[in-house]
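Student: Dumping the structure here so I can ask a few things about it.
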Amino acid sequence: MDSTTLVYADLNLARIQEPKHDSPPSLSPDTCRCPRWHRLALKFGCAGLILLVLVVIGLCVLVLSVQKSSVQKICADVQENRTHTTGCSAKLECPQDWLSHRDKCFHVSQVSNTWKECRIDCDKKGATLLLIQDQEELRFLLDSIKEKYNSFWIGLSYTLTDMNWKWINGTAFNSDVLKITGVTENGSCAAISGEKVTSEGCSSDNRWICQKELNHETPCNDS
């Protein structure tokens, strides 16, 4: 065997003995993909989350709407009450030509009539004949009346059944608050005369004083 043949044989042997480097095995196209049910679960989860968010938003809108409706109703009720209470009677102002003192309004007549007719006139005004509350109120009226020489009927009369004076609202007369002068008999009525309260015949003609509560629900104009 010549040298050329030996070299060729050595090369072939070297090629045979050279280690082979195996290429990494190729992966299947589906190896990196998630299973189908995983993808479905993810889709359903996202859809459920979105639905939950929408439900929460809807509930929030509903609650806000209900609260707004309630607030509007309360405001409407308050406004209605305010409108009602700020009406003519709730302004706490007496009608024109009426005197105002504490929580009452007083009307002093300019004409004369019997006690019974005067009582009817006060009723028509939504008032009553004067019911004197105390000495301070009586003093206010005495100071307000310019015609000191006139007598003015008040809502006090003598009843034979009780043998006593009684106010027209049924309240018993208190002699500690008011002193009545003059003859007391059946058919007697009380009137303010000068600086005192006197007993006079109910059929006599006198002027009179009506009163009503300051917040009494009556029209603003005088009748």
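Just so it is clear, glycine is given a Cβ too, placed from its N, Cα and C backbone atoms.
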Student: If Swiss-Prot is the reference, give me the range from 12-15, 32-35, 104-107, 156-159 marked as motif 'LCK-binding motif'.
Tutor: 32-35
Student: Under Swiss-Prot's annotation, the disulfide partner of CYS122 is which of CYS210, CYS220?
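Tutor: Swiss-Prot lists the disulfide between CYS122 and CYS210.
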Student: Would you mind telling me which of 6-11, 54-59 Swiss-Prot tags as motif 'ITIM motif'?
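Tutor: Result: 6-11 is the stretch Swiss-Prot calls motif 'ITIM motif'.
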Student: How many Å lie between the Cα of CYS122 (disulfide bond) and the Cα of CYS189 (disulfide bond)?
Tutor: 16
Student: When you tally the Cβ atoms that lie within 10 Å of each candidate's Cβ, which of the disulfide-bonded residues (CYS122, CYS210) has the highest tally?
Tutor: CYS210
Student: Over all shown protein chains, what is the count of other CB atoms within 10 A of the CB belonging to CYS202 (disulfide bond)?
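Tutor: Cβ-Cβ neighbours of CYS202 (disulfide bond) within 10 Å number 20.
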Student: For the domain 'C-type lectin' (101-211), DSSP counts of helix, strand and coil?
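Tutor: So the domain 'C-type lectin' (101-211) is made up of 20 helix, 43 strand, 48 coil.
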